[in-house]
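Engineer: There's a structure below that I have some questions on.
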Amino acid sequence: MEPIEQQLTELRTTLRHHEYLYHVMDAPEIPDAEYDRLMRELRELEAQRPDLITPDSPTQRVGAAPLTAFNQIRHEVPMLSLDNVFDEESFLAFNKRVQDRLKSTENVIWCCELKLDGLAVSILYENGVLVSAATRGDGTTGEDITSNVRTIRAIPLKLHGDNIPARLEVRGEVFLPQAGFEKINEDARRTGGKVFANPRNAAAGSLRQLDPRITAKRPLTFFCYGVGILEGGELPDTHLGRLLQFKAWGLPVSDRVTLCDSPQAVLDFYHNVEKDRPTLGFDIDGVVIKVNSLALQELLGFVARAPRWAVAFKFPAQEQMTFVRDVEFQVGRTGAITPVARLEPVQVAGVLVSNATLHNADEIERLGLRIGDKVVIRRAGDVIPQVVNVVLSERPEETRPIVFPTHCPVCGSDVERVEGEAVTRCTGGLICGAQRKESLKHFVSRRAMDVDGMGDKIIDQLVEREYVHTPADLFRLTAGKLTGLDRMGPKSAQNVVNALEKSKTTTFARFLYALGIREVGEATAAGLAAYFGTLEALQAATIDELQKVPDVGIVVATHVFNFFAEESNRDVIGQLLAEGVHWPAPVVINVQEIDSPFAGKTVVLTGSLSQMSRDDAKARLVALGAKVAGSVSKKTDLVIAGEAAGSKLAKAQELGITVIDEAEMIRLLGA
């Protein structure tokens with residue numbers, strides 16, 4: 001695997017993790033600014049290598065899937081997200097793209113609004129009566145929060161006025177004003193309840209209560225900013241006109257909505273709002289800029305995940321200066337040793353920050369950082385922000401160099417740094433307590449074996465008390481042994497045992513992912529499972545055979561081969577199977593028996609599809625015997641090019657590979 005492929009894999013894994021925490025668990029670990037930075041970095045890398053873009057990349061989708069605790073509502077009109085810009089130059093480039101697409105030299109009229117920092121919702125009115133409400137979810141399917149939305153006093157249960165459409169779906173943001181947030185946390189501290197990190201978390205947690213009576217006690221409010229379904233009625237032909245109409249029908253709309261007739265007017269609006277931000281009484285993280293004319297919006301259209309006629313102009317992350325008092329080293333699941341700066345505590349964006357990630361030795365060298373230095377930190381996460389730079393002009397006299405350990409700080413094993421990699425790793429494997437903990441946490445995680453109720457603190461105790469050394473030991477736990485753990489009663493212990501038993505029935509792909517093989521994420525695990533079909537076949541595969549799997553190169557193939565060549569790993573797998581871990585036998589697709597032009601072909605999808613999602617297209621192609629790869633090579637038989645196909649299309653043409661468009665694909669799928 002090339003270094004850029006490794007970067008892409010790590011970035012996508014990190015972004016998916018934070019999408020899940022943000023959209024599903026309502027417990028984000030990082031602020032939007034850091035998420036945006038990660039997404040921006042991923043987009044920039046993918047722009048350098050479009051042939052490495054995969055259908056499941058976070059850049060190709062809107063958000064994360066919803067929980068199943070609520071009923072689900074499918075959005076008849078998808079709730080898309082907005083693309084972001086972060087500086088004046090990027091906004092001016094966006095403005096120029098819009099003008100170029102419209103083939104106009106005249107200034108566009110922009111409607112500018114606040115970008116609220118809450119939870120996006122859709123509310124459906126039929127004949128003026130509120131009938132349902134849903135979260136955005138993944139943009140296609142959200143959670144039914146009707147009962148909770150009905151408790152928000154700002155949202156009318158019935159619209160008033162004339163010419164109300166038969167069906168009207170409004171979109172907007174539910175949020176918690178600063179005063180309400182402070183009161184909730186004050187009450188929580190007094191009663192020993194949950195204290196929220198910020199108003200957005202509090203709003204999301206309040207809105208997604210299973211008991212609407214709890215939601216009703218929270219001072220949530222709402223601003224409307226758009227429309228989804230519109231049937232049996234008409235709306236004005238400008239965005240501002242629609243907002244004013246919503247307001248006339250009784251829907252709350254922000255009073256900070258302004259028409260701007262030039263790019264400079266937009267920039268003035270942005271800076272004025274940024275200046276007023278501390279006095280608004282509620283959290284925002286930027287401004288939203290939309291083409292005011294609905295006719296022009298229609299002309300501009302959409303890209304895969306966002307409209308071309310709107311953009312979010314985000315505020316910069318907040319920064320502060322403080323001192324590095326020490327540097328400690330943490331060990332992760334794969335043995336990666338990460339330096340963490342211990343800081344003189346400082347308030348950043350309302351959070352007391354005392355730690356900052358330093359990533360790796362290269363980053364420390366790049367910063368020129370020493371213990372004792374004065375540094376600028378940016379709040380890149382609620383837990384561990386990042387050091388942006390060293391204030392060299394104010395370097396104290398008594399600073400010390402940061403020395404990377406030559407032995408693991410946890411188990412004492414040697415450490416190694418593979419040439420070409422930035423990461424230093426402990427070589428101790430499962431004899432290292434830190435790696436053991438993180439490996440087990442990964443094994444039981446939701447996307448791996450999905451052991452409900454077995455959280456990080458339980459794993460920590462199990463390892464520290466030496467109850468568990470390998471994943472197989474988890475399935476030997478009894479309720480009696482678990483009851484001895486902190487805060488674990490008999491009922492909770494039995495629930496964990498039941499969850500472990502339930503998790504024994506899994507899939508081959510999940511099992512492979514749970515093993516924690518280096519560089520094998522969910523997508524690669526699924527590819528390996530689909531290609532080899534059985535564990536026995538995979539274990540017997542050579543490095544050359546492994547590279548025949550779509551998107552598996554020499555680096556990943558070597559990691560997989562070495563993992564199964566290690567006797568201790570084979571022993572653990574044998575123990576897991578002996579404890580009853582199993583999955584359904586593979587459904588073998590005989591491509592010779594499939595009457596389809598795609599059977600046995602290696603196919604690459606590129607560009608955006610309008611008739612179906614890439615995931616749906618991929619599923620249908622696989623069902624017809626195709627192998628769907630993420631990049632074009634000499635092995636590729638066919639490229640399906642959607643709108644705005646890029647370098648994959650160019651490479652296919654260069655290699656003389658057959659190319660078809662979406663319409664031809666759909667025709668062949670039905671053949």
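Here the Cβ of each residue, glycine as well, is placed from N, Cα and C on the backbone.
For Asp32, Ala33, Glu34, Tyr35, Asp36, Ser81, Leu82, Glu113, Arg136, Glu173, Lys290, Lys314, the entry in Swiss-Prot reads NAD(+) binding site. Marked as active site, N6-AMP-lysine intermediate by Swiss-Prot on the basis of sequence analysis: Lys115. Positions annotated as Zn(2+) binding site by Swiss-Prot: Cys408, Cys411, Cys426, Cys432. Under the heading domain 'BRCT', Swiss-Prot lists 593-671, citing sequence analysis as support.
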Engineer: May I ask which residues of the same chain, at least 6 positions away in sequence, place their Cβ under 8 angstroms from the Cβ of Cys411 (Zn(2+) binding site)?
Structural biologist: Cys426, Gly428, Ile431, Cys432, Gly433, Ala434
Engineer: Using C-alpha atoms only, work out the spacing between Asp36 (NAD(+) binding site) and Cys408 (Zn(2+) binding site) and round it to an integer in Å.
Structural biologist: 33
Engineer: Count the Cβ atoms, other than its own, that fall within 10 Å of the Cβ of Asp36 (NAD(+) binding site), considering every protein chain shown.
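Structural biologist: The answer is 18 other Cβ atoms.
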Engineer: Quick one: average pLDDT across the domain 'BRCT' (593-671), no decimals.
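Structural biologist: Here the predicted model's pLDDT, averaged over the domain 'BRCT' (593-671), is 80.
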Engineer: What's the number of neighbouring CB atoms sitting within 10 A of the CB on Leu82 (NAD(+) binding site)?
Structural biologist: 18
Engineer: DSSP three-state call for Cys426 (Zn(2+) binding site): helix, strand or coil?
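Structural biologist: DSSP call for Cys426 (Zn(2+) binding site): strand.
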Engineer: State the Cα to Cα distance, in Å, between Leu82 (NAD(+) binding site) and Lys115 (active site, N6-AMP-lysine intermediate), rounded to an integer.
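Structural biologist: Answer for this pair: 11 Å between alpha carbons.
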Engineer: Check the DSSP secondary structure of Cys408 (Zn(2+) binding site), expressed as helix, strand or coil.
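Structural biologist: In three-state terms, Cys408 (Zn(2+) binding site) counts as coil.
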Engineer: When neighbour density is defined as the number of other C-beta atoms within 10 angstroms of a residue's C-beta, which of the binding-site residues Cys408, Cys426, Cys432 has the lowest density?
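Structural biologist: If we count Cβ atoms within 10 Å for the binding-site residues Cys408, Cys426, Cys432, the smallest count is at Cys432.
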Engineer: State the Cα to Cα distance, in Å, between Cys408 (Zn(2+) binding site) and Glu34 (NAD(+) binding site), rounded to an integer.
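Structural biologist: A Cα-Cα distance of 29 Å.
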